[in-house]
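Per Swiss-Prot, these features apply:
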BINDING   Gln41, Leu42, Arg43, Glu44, Lys45, Asn73, Ser112, Lys141  4-amino-2-methyl-5-(diphosphooxymethyl)pyrimidine binding site
BINDING   Asp74, Asp93  Mg(2+) binding site
Amino acid sequence: MKYNHTVDYGLYLVSDRDVLKGRDFIKSLEEAILGGATIVQLREKEASSLEFYQLALKAKALTEKYNVPLIINDRVDIALAVDADGVHVGQSDLPAHIVRSMIGQNKILGVSTATLEESKKAAEDGADYIGVGALFPTGTKTDANPVTLDQLRYIKENMDIPVVGIGGICEDNIKTIMEVGIDGVAIVSAILGKENIKEAAESLKASIK
């Protein structure tokens, strides 16, 4: 592990403006943080570089206010430009060891994985945590191969860095997932897609304690 500060991965919010249906982006992130989100990842695959940068600047100001880490998905340049707390990359993004060399030792590096082999490689390459999934069908990532709870447990038991579950996690399945013993859950629609974002986050937070 490279990042020296203690990070609570418990309720890991991942952004998606599409599920907000036109609601204010930063206000929605704030509601999620007030409801208990412990870390925020900005994931905006469709945004232009300028738009992503402007969103990231606003998100950084918000997360700093609440002392919550801000992670940027994929875009190392944006993360460095706004001095985000870290970067999260997938298997088809820049290799983790390259990202680590770019962001240095004092930023958080997360890597998406689906197997123990990928997870071990991520740790060797300098990852601080891994996001394992997709655990359930999800509208935000249609190409993800499902990971079973038994596979998730196997990965967790064989890893020394924090493991975050991702993919289709909601109030109906969150307790079952947390019983595996992982360190947190990454949530998109089950928070940002709800009418009352703060209440949705509070309810999920209560389920992981």
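Glycine is no exception: its Cβ is also placed from the backbone N, Cα and C atoms.
Fewest other C-beta atoms within 10 angstroms, among the binding-site residues Gln41, Asn73, Ser112, are seen around Asn73. Look at the Cβ of each of the binding-site residues Asp74, Asp93 and count the other Cβ atoms within 10 Å; the largest number goes with Asp74. For the pair Glu44 (4-amino-2-methyl-5-(diphosphooxymethyl)pyrimidine binding site) and Asp74 (Mg(2+) binding site), the C-alpha distance works out to 9 angstrom. Within 10 Å of the C-beta of Lys45 (4-amino-2-methyl-5-(diphosphooxymethyl)pyrimidine binding site) there are 12 other C-beta atoms, taking all protein chains into account.
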